[in-house]
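Quick notes on the structure that follows.
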Amino acid sequence: MLDLFTIFTKGGIVLWCFRSTNQLFTPPVNALIKSVILQASGERSGVYDHDGLSLQYKLDNEFELVFVVAFQKILQLSYIDKFLSDVHLEFRDRYKNDLRVDNRNYGDFEFSADFRRILERAEKWGRQQATMPKQMRSYEDSAKSKKTVASMIERKGEEKPPAGGSKKSVKISEKKKVEMVDSEGVESSSPKSSSNGPEPGDDLIMESRKKFAEKMMGKGSKGSKVEKQKSPKSPSQQLKSGKQMRVWDLGGNTKDLPNLDRSKDRPEDVKSDFTPNDQIIGSMRGGIQDLDVESDSEDYSEEDDDDGDDDAYEEQRGKKQQSSRGGMFSMFKGLVGSKNLTLDDMQPALDKLRDHLIGKNVASDISQKLCDSVAGKLEGKVIGTFDTIAATVKNTLTEALVQILSPKRRVDILRDCLEAKRAGRPFVMSFCGVNGVGKSTNLAKICFWLIENNLSVLIAACDTFRAGAVEQLRTHMRHLNALHPPEKHSGRNMVQLYEKGYGKDAAGIAMEAIRYANDSKIDVVLIDTAGRMQDNEPLMRALAKLIKVNEPDLVLFVGEALVGNEAVDQLVKFNQALADYSSSDRPHIIDGIVLTKFDTIDDKVGAAISMTYITGQPIVFVGTGQTYTDLKALNAKAVVHALMK
């Protein structure tokens, strides 16, 4: 039933291994180590699927061991959790003296007999569980127990409809009102005649009816008099009806449409009064400078953090000895002397750090996962005598955040562009994202950086929906060519625009632009796409089609640094749409992130953590302003320093 069971250290030393087949298990185990165990998102235990295999793992932080069991994914083995825990406890208890940090002696571990005994016992337990009748759910497991008090409160708009008697009374009153006046406005007789004479109040009712009848007759006579007094209209006056339209100054008409059409260049547009800024020329040659982040939250210091967490730790542990533990002993309240950390010990510090991350714009669920990951790493570990719990938790979280922001693969766009140029083809980059995040503006910044490094660029105007999108790119092209005129580059135009107007197929325009760049020996193609919300299925299908048909070298997602939880939703749904709506077996999803409007958030840099954590892709560019030189590279340590400040 089991294909593999292996026990190895976090340093990579295999202590014991069991194999039931001759299959090579090195790729799935290496994938588990790379994707889960070495990442900050790894839990203390869990399941990882790889090429039809299910790998279930368990970490031991005290002895730094990893227990991994592998079996076919199609099998449903109910005893795996119990079996893995039993093997873990048995191996620890039997070889704990050999596994200690100060006396590690990795020899031959004779564990085969114990392994078979534990496996037989677990399989027997699994068969017994399968024959037992299914137990009823407890109240805590039911959906009713998860109802909140707010869902049980009756809202004002959810009141029950009134009884039928009130409706009938309304109908009766309306019927009486109709019967009071006939078609000519004359008072009609009451439906019921009183044989015993007028009752008290009848005079008042009759008087009210008489006034109402006179009022109705007066309206009719007034209308007839007005109609008689009006003189007959002339034929020209009868054609005029309703309110006349107001004529605005400089409002324009159909004759002004040719003058207002700016979709094509004119001689006066080409000779614009744009004066290039010579100071920025040559400032972005080579690699992009790293981002500098300054934090304004100076009140959040490490000492305050440690003291606050230690106080919360003391309150939660219930230590209420105030008067007897005063004086010099109060300075040792947060110190833990060579003991194993538990989740209860770390919970106050983790709660405070989670709230701090949410306050810095990290998505709430990402903050919770990061704290859970830190708890899984530290649980069972032994910390030093003079190390506080808060400092240990904070340092571990800081290391995890730096690891998340550090790119898993090297992204060198200049090198890739030069390799594509040597291969005789253009390097293609596509930009996608939601509306208004700054795709066109940051595309122009990247274009300026590329032409600073002597690479010619073709901009493909594939945003055929937004009014003014093509004109915006044309203006950027004109300004960039003014900064780098053809005279300085052997008569070659460094920036060109490929556009086909509005309402066209974006995928077809991108394909024609790439073909044109290949024929014209242009080095780089930048594809500008229309902004679209992540829930708009037709537009997401169109984006997946553009990427599938043209196969760009790099797909960059442009996102704002202002968003919090929305960043997670955008990236997850963009990636999911690119995977679902592509007919390829290996769909091309997002390769990198462009983080814009970074100059508007001060030290609330949590969006960088959220986006990188979700996709696992690096942040390639950071937009920090409105000029062409406001483009930086992400500095992971500076961002984490601002985040933890």
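Glycine residues also receive a Cβ, built from the backbone N, Cα and C atoms like all the rest.
The region 'Disordered' annotation in TrEMBL covers 129-326.
The compositional bias 'Basic and acidic residues' annotation in TrEMBL covers 171-180 (among others).
Look at TrEMBL and you will find 186-199 (among others) tagged as compositional bias 'Low complexity'.
Marked as compositional bias 'Basic and acidic residues' by TrEMBL: 206-217 (among others).
Annotation comment: TrEMBL describes 232-244 (among others) as compositional bias 'Low complexity'.
Residues or ranges marked as compositional bias 'Basic and acidic residues' in TrEMBL: 258-272 (among others).
As annotated by TrEMBL, compositional bias 'Acidic residues' applies to 291-313.
In the predicted model, residues of the domain 'SRP54-type proteins GTP-binding' (618-631) average a pLDDT of 92. According to TrEMBL, the feature domain 'SRP54-type proteins GTP-binding' maps to 618-631.
Applying DSSP to the compositional bias 'Basic and acidic residues' (206-217) sorts its residues as follows: 12 helix, 0 strand, 0 coil. Per DSSP, the domain 'SRP54-type proteins GTP-binding' (618-631) is made up of 0 helix, 6 strand, 8 coil.
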